[in-house]
Structure formats: structure tokens, C-alpha cells
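Straight from TrEMBL, the features:
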type	residues	note
ACT_SITE	31	active site
ACT_SITE	39	active site
ACT_SITE	65	active site
BINDING	58	CoA binding site
BINDING	58, 109	substrate binding site
DOMAIN	13-114	domain 'Fluoroacetyl-CoA-specific thioesterase-like'
């Protein structure tokens, strides 16, 4: 389980750009989109080991975005499981485009009961109405 890797590849389209989501003015891959892809890779990896009714939620990210990726270029986000402690799972995450590394960091997810977690979130909304 530890040291397993999961990768996802994404073609950068206009909806992924910093200028489109408001995280900047330039037509380059937005940092939040890169981080979301890294989380997707980690989530997909951890899902292989979950029991029915379980899911995982992201709880921490510490990521540096080190190079720009233009619209139309593909990038790959990867996650390597580095440890499990109780319900917590830690990952090394990185992303690369066709020219090399564009980001790297660490990510933490926690395994939860999907139904119970959603019920708590829904109750929060009802309390606020």
C-alpha cells in the first residue's frame, strides 16, 4: 500500500486558466486547478483501499507551483502514498507538463464514513436556514 502511485493526465483547457477562475490574470494553468488534480490523484489512490461506505476528504495541502503551463498543453498529476496512521493518509504529490515539473508538495486525506459525513454537512446547512 505505502509507496503506491496513482497518476492522472489532463489537457489544459480555457476553464483551467488562472484568468478564467480569478486566481490571476494570465492564461496559464491556475494553481487551484493543479492542486485539485493532485488531490484527485491522491483520492483515487486511497479509494483502492477503502471499505464500502467509506470515502476520503482532503484536510491539508502544502504545495509549490513552480512553472507555468499554457492552455492546450497536457499535464500529469501524481500521488504517492507515503504513510497511514489511523484514518489519516499522507501523500507526496507532484505535477509535470511536457517540459518538466510544474509543482510538488504534500497532501493529507482522512478516511470518513461517507453517509455520516454528508449528514453532518447537510445538518449544518439546515441549522443556518
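Each residue, glycine too, has its Cβ placed from N, Cα and C.
Since we're looking at a predicted model, the values are computed, not measured.
Structure coloured by features recorded in TrEMBL.
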residue : record                 : DSSP class
31      : active site            : helix
39      : active site            : helix
58      : CoA binding site       : strand
65      : active site            : strand
109     : substrate binding site : strand
Just checking, which of 65, 109 (recorded positions) has the fewest C-beta atoms within 10 Å of its C-beta?
65
Return the member of 58, 65, 109 nearest to residue 31 (active site) in space, with distance defined Cα to Cα and candidates limited to these recorded positions.
65
Restricting to the chain of residue 58 (CoA binding site) and a gap of 6 or more, list residues whose Cβ falls under 8 Å of its Cβ, or answer none.
39, 42, 43, 107, 108, 109
Using the structure shown, find which entry in 31, 39 (the active-site residues) has the sparsest Cβ neighbourhood within 10 Å.
31
